[in-house]
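Notes to accompany the following structure.
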Amino acid sequence: MSKTFKLHSAFQPSGDQPEAIRRLEEGLEDGLAHQTLLGVTGSGKTFTIANVIADLNRPTMVMAPNKTLAAQLYGEMKQFFPENAVEYFVSYYDYYQPEAYVPSSDTFIEKDASVNEHIEQMRLSATKALLERRDVVVVASVSAIYGLGDPDLYLKMMLHLTQGMLIDQRSILRRLSELQYVRNDQAFARGTFRVRGEVIDIFPAEADDEALRVELFDDEVERLSLFDPLTGQLLRTVPRFTVYPKTHYVTPRERILQAMEAIRAELAMRRQSLLASNKLLEEQRLAQRTQFDLEMMNELGYCSGIENYSRYLSGRGPGEPPPTLFDYLPADGLLVIDESHVTIPQIGGMYRGDRARKETLVEYGFRLPSALDNRPLRFEEFEALAPQTIYVSATPGNYELDKSGGEVIDQVVRPTGLLDPLIEVRPVATQVDDLLSEINLRAAIGERVLVTTLTKRMAEDLTEYLEEHGVRVRYLHSDIDTVERMEIIRDLRLGEFDALVGINLLREGLDMPEVSLVAILDADKEGFLRSERSLIQTIGRAARNLNGKAILYADKITPSMARAIGETERRRERQQAFNLAHGITPQALNKKVTDILQLGDGPVRSRTKGARGQRAAEPHPDYHTLSAKQIEQQIQRLETQMYQHAQNLEFEQAAALRDEIHILREQFKNAS
C-alpha cells in the first residue's frame, strides 16, 4: 500500500486556518473545480495548503511564478513533509539562448544553453516520484507547461531488474545505452555506469547519493545492492530496482525510425512549397539542416535540437498539445497555484512569445513547420489539463474570482496576532529627506526598511543619495539573477545593510520579518506599479513585523490608494477583533534565516564540509607582477575552483572567483 502524507509541525491550525482548511476540503470533496484562498501575508497559507494535502492524501502540484518563490515553498513543504516525496521542478537552464533568426540583419543565433545538472536530477526525481508513489508534492514553476517527454514512452523505456532474473551482461549494457547512460570506468558520475568483471555499477540519473550495484553470475542477477557512490559504502540490498532513463526525451528505436519517415515526408512537401515560392536559399538551407539531423538520429538515436521533432517522437497530431508535467500527474491530482494573480497571466503569455520566434525560423528555412508544435501549452489547453485547482493569493485576480464564482475563502486572521501595517500618507515634496530620517530611526533599533520607486533611474539616484548620507543601502534591480537576489535578501535579514531600494521586485511572497517599514514613493502615480493589487502586496511586506508601518508618499489619494488603504484597514480591524476576543497579544516572528539556495533539507548534499568559511579569493590580490604565462595558469586554476564551487552550490565563492578571473583576463590582454 502507498504511503500516506504525514504532516510534521509544532503548531495546530488556528485563527482563520481551521475554517479555511474545512471549506477547501469540503469544496474538493464536492468536486469543485476552482477555489480561491485569499490569504494575507503571514497568515500561514502554506500551512493551510499542507493540512489540506495531508488530510485528503492526494498527489499535489504547487505552481509558483518564479524559481525564487518555488525554492522558498519547496523548503517549507520539505519541513512539513520530511517523510514524503517533496520534489522541485523548475527550468534546468542556468543560461538559455533559444535559436532565433533576425531577418533585418540576416543573423542566425544558434541555440546555446548551460544546464544545471543538479536541477536536472531534481526534475527526473520529480517525475519518478509521480510515477511510483502517491505521497508526492511537486513544487514547480511555469516550466511545468513546457514540453516534456511522453510518459508512456518514458515508462516503456525503463529497465526493471529483479534478483534471480535471467539476463546476460551484454543485454543490460545495451539497454543502458538505449536509456542514454554512458559507460565510464574512470569517473563515476550521475547518468553513467561502469563494468568490473561480472559487476555493473549504475549511477541513476535521478539519484544524488545512491548508486546501484548489479552482481551477475552465469547470466543471472545474483544480487542487487545500493551503495554510496562517494565512499563506496554498501547501504542495503534490494529485491528489485527500476533504472529510469537519463533524460525525459528518450525514445524507443522503432519510434525514432517511424519519426524519421514522417520527417522525410514533411521535408519533401516543404521543399516543394519553398521552390514553388522561389525561395531557393531557404529550400537548400532546410534540406541541409534536416538531413544532417536525420543522419544523427539514425546513428545516435538523438540529435542537437531533437525537441523540434517532438510531434513525431511523441506520436501526436498537428496542433495537439505537447506532453508536459501535467501528463505525469495522476487523474485525482490537486493543483495549487501560488500568487495566482501573477502566475495565471504568466501561463497565458508563454505561448505567443514562443510562437513568434519559431514562425520566423520556419519561414526562413531553418526549421520544418512541425517545429511549431514544440511549444508550451496554450492557456485553454492548460485549463483543460488542470485538475481541481486552488488559487492562493493575497490579491486574487479577476480570472480566479470569476472561476470560483466570486466565492473567496478568507484567511485574514494571523495566528500570531500580528496586525496589518499602519498606513500613513505624506507629501511628495519632502519624500527623500523624510525617508532618510525614517531609515535612521529604524536602523538605530535594528529594523530594516524596503523602499519602492517607480523608475530605475530614481532607484539608482536614491540609493546614491542615501549612501552619501551614511545609510547602509543596497539596490535590487532586474539585471540581478535569482541567486544573487536571494543573497541580497538574506543579507538584508542578517543586518548586513539596513535599507533595500527596488522597483517592482519587492512584492509577492518575500518573507522578511525584520522589515518594519515599507516606503512607497510617488504612490499617487496611477499605473500597474501603483495599482490596488501592487500596493496591497507591497504594503504586505511589513506585515510580518510587530511595528509594521507603510508610508505612501503622495499629494492626492488615487482610487487605487483608497481601495488598498480600505482593504488593509478592513484586515487590520478584523485581526484586532480576533485578538480581543481570544486574548491574543501580537507576537514577533522569529523566523531563522536559512540559505534558501540549499532548497530545504535535501536532496542537495554538499560534497565538501566546512567550505562555507573558506575564502574564495584574496580580497585585492596583486597580479601586476605576473607574466602572461603565469596569468594563464592562474586563470585555469581559478576556473577549476569556480566550477567546483558551483557544483557544490557555493554560489558566493563561485561568483567571487568569476570576478577574479575577469580581472585576470583584462590583465592578460595587457600583458600579451
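Backbone N, Cα and C define each Cβ position, glycine as well.
According to Swiss-Prot, the domain 'Helicase ATP-binding' annotation covers 26-183, on the basis of sequence analysis. The feature ATP binding site is assigned by Swiss-Prot to G39, V40, T41, G42, S43, G44, K45, T46. Annotation source Swiss-Prot lists motif 'Beta-hairpin' at 92-115. Annotated domain 'Helicase C-terminal' per Swiss-Prot: 431-597, in sequence order, evidence recorded as sequence analysis. Summarising the annotation, Swiss-Prot assigns region 'Disordered' to 601-623. Residues annotated as domain 'UVR' in Swiss-Prot, with sequence analysis given as evidence: 632-667.
Structure with Swiss-Prot features highlighted.
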residue	record	CB count, 10 Å
G39	ATP binding site	26
V40	ATP binding site	26
T41	ATP binding site	24
G42	ATP binding site	21
S43	ATP binding site	27
G44	ATP binding site	24
K45	ATP binding site	23
T46	ATP binding site	21
By the DSSP assignment reduced to helix, strand and coil, which category contains S43 (ATP binding site)?
coil
Do you know the DSSP helix, strand and coil residue counts for the motif 'Beta-hairpin' (92-115)?
3 helix, 15 strand, 6 coil
Cβ within 8 angstroms of the Cβ centroid of G39, V40, T41, G42, S43, G44, K45, T46: which residues besides those meet this for the ATP site?
T48, A394, Q411, R414
Integer mean pLDDT for the domain 'UVR' (632-667):
80
How many of the residues that make up the domain 'UVR' (632-667) does DSSP mark as helix, as strand and as coil?
33 helix, 0 strand, 3 coil
